[in-house]
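My structure is below; once you've seen it, I'll send some questions.
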Amino acid sequence: MINFSLPASDSFAALEMAARDRILILDGAMGTMIQELNMSEEDFTAGGHIHGPGCRHHASDHPQKGNNDLLVLTQPKAVEDVQFQFARAGADILETNTFSSTTIAQADYGLEGAVHDLNVAGAQVARRAADRAQAEDGRRRFVAGAVGPTNRTASISPDVNDPGYRAVTFDDLRLAYGQQIDGLIEGGSDLILIETIFDTLNAKAAIFAALESFAKVGRRLPIMISGTITDASGRTLSGQTPTAFWHSVRHARPFTVGLNCALGADAMRPHLAELAGVAETRVCAYPNAGLPNAFGQYDEQPEDTAAKVEVFAKEGLVNVVGGCCGTTPEHIRAIADHVAAYAPRKPRMTANV
Ligand SMILES: [Zn+2]
């Protein structure tokens, strides 16, 4: 099934080379930055003029405020500016604003039909930010096509009275992810980032879909895989420890495996150490700026987040670091400064994964 004989994309060698010398920097949170802009329903829909790169028109009778992914079509400049700020702050890897751009997640907004355009445009917008930053300082930036977990889990029943029920199947997810990843590649993504994984079965469907998409275009892109620990006992929502998680995804031969979001950097450290102890590839970590306060805002200051992320680097646990919810360009700048002096983790690479 997995065709590792496909030629690797040119971003593969460039990323591997960059990761050999230093800890790479991933960008911060788009959601928090968008919230600051206080956009209205009118802003979210560009006054009802939602169209994709091919001028295809999209309409929905659902309210769109809060559908952050839609902004790549309706406010592309705002999204590009945030990504450009992150690149200038030191990010090597810019995430596309496509976390929820699957038919499954967009069903909440009645915009399933816009999914292809959301992903193509999402990658194009990030590509522009990356190219602008590179033109300014000569350093290559990579576009990571961001694939979120969707709002449905394939492993766990949402109905306590019917534990066998599933709101989504592996094949539903595989098809939805495939459509998303095809668009991300078409729009110019350098790699695919499968993130905030709380259900490993969802992630396996995304990996399967990525490999199918690579076969279609005849080249292999690097894959980054990032799980999230949802409770203090150190398990994902579908009940896995970091070690079990690694063994469930290692067949994809990811460029990185890691953790993001959730409980903040302090709580992440022991789980990251466990993952770094078993993973035969590079390790990536991008925690939240602490836990949100009662108003859902993140109070942790850039220097505080950066000092905690520095501990990961000092202990030799990481190859890529960045920020998740609540992290701003200032957080990313501080993180980049704090880890610059440390060597990247030396992964044990096994040829026969
Ligand atoms: Zn997050």
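Every residue, even glycine, has its Cβ placed from backbone N, Cα and C.
All annotation found in TrEMBL is predicted automatically rather than curated by experts.
Just lifted these from TrEMBL, have a look:
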DOMAIN    12-339  domain 'Hcy-binding'
BINDING   Cys261, Cys324, Cys325  Zn(2+) binding site
With the Zn(2+) site defined by Cys261, Cys324, Cys325, which remaining residues of that chain have Cβ atoms positioned within 8 Å of the Cβ centroid?
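Counting only non-site residues, the set is Ala29, Thr196, Thr228, Asn260, Ala262, Tyr286, Pro287, Asn288, Gly323, Gly326, Thr327.
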If you count other Cβ atoms within 10 Å of each one's Cβ, which of the binding-site residues Cys261, Cys324, Cys325 has the most?
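Max Cβ neighbours within 10 Å, all protein chains included: Cys324.
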Taking the domain 'Hcy-binding' (12-339) alone, what is its mean pLDDT?
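Averaged over the domain 'Hcy-binding' (12-339), per-residue pLDDT gives 93.
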Is Cys261 (Zn(2+) binding site) helix, strand or coil when read with DSSP?
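Reduced to three states, the DSSP call for Cys261 (Zn(2+) binding site) is strand.
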